[in-house]
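Comments concern the structure below.
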Amino acid sequence: MRIDILTLFPGMFSGVLSESILKKAQEKGAVDIRLIDFREFADNKHKTVDDYPYGGGAGMVLKPQPIFDAVEHVTAGSPGARIILLCPQGERYTQKKAEELAKETHLVLICGHYEGYDERIRQYLATDEISIGDYILTGGELGAMVIVDSVVRLLPGVLGNEASPVDDSFSSGLLEYPQYTRPADFRGMKVPDILLSGNHQLIAEWREKESLRRTFLRRPDLLDEYPLTDKQKQWLKEWEKERE
C-alpha cells in the first residue's frame, strides 16, 4: 500500500512514522508512506495557500489550486486512489471504515487547516470526507495519524500475530474481553481461574461472554446492529434483570 499525506506541517509526523508498528511496516515494505508539503505546489510568488472567504466571514480558506495540483501530482498513474479529506463535517471514522480502506492500494490524506477547504475541493477532488470525532482540532494531521495507524496495522504481515487485529475491540463488532498476564496473583488481585484451566473451549466461551458483557455495560449502542445468537440474547436478558 502507498499512503500520501498532504500537509502544511510534515514535521508533525516524524515521531509517529519512525516508531513502533508504523516503522516496522515501512521496513517490511508493507506500506510506503510519503509526506507532501502542498505549500510547495502554490503557484504564487509567496507560496500562499489560503485566502479570505468570498462573502466575508472569520478565518482563512484553503485555496483549491495547491491542493488540486498536489493531488494530481501524487496520483499520476494511480487513477483509483482514494482521496480523503480530514474534516469535522466528514463521515465518522470507525473500525469498519479502517477495514475498508485497508483493502485499497493507494490512499491520499489531505490535512486541512485554517477555516476549512474551498468547496470545490470537496465537490470535484475528494472521494471521501472523514472525521475522527465530534470535536475541533487545529488541523487534520492528528486525524491522518489515526487513519494511518488503524489502517496499516490491518495490512497482511504487519502484526506478528495475524489473529491480533481480529481480536481487537470493534473488529468483531463488540468490545474486547478482559486480558490478563503474569503473575496470576498480584497483591491479592487474582486472574479468573477459568483462564488458568487450560480448557480452550471454556476459555473461548468466557471470552465471548465477557466481551458481550463489557459491550452491554459500556457501549450498548454497538448491540443495535449486532447479530446476536440465542445464547447471547439469553445472557443479555439475565444482565438486564440484574440491573432492575
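Placed from the backbone N, Cα and C atoms, the Cβ positions cover glycine too.
These come from Swiss-Prot:
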- G112, I132, G133, D134, Y135, I136, L137: S-adenosyl-L-methionine binding site (BINDING)
Are there residues of the same chain, six or more positions away from I136 (S-adenosyl-L-methionine binding site), whose CB falls under 8 angstroms from its CB, and which are they?
-> P88
Which listed residue (G112, G133, D134, Y135, L137) has most other Cβ within 10 Å, given these are binding-site residues = G112
For I132 (S-adenosyl-L-methionine binding site), the number of neighbouring Cβ atoms whose distance to its own Cβ is within 10 Å equals 20
Mind computing the max CA-CA distance among G112, I132, G133, D134, Y135, I136, L137, which the record assigns to S-adenosyl-L-methionine binding, rounded to whole Å?
-> 16
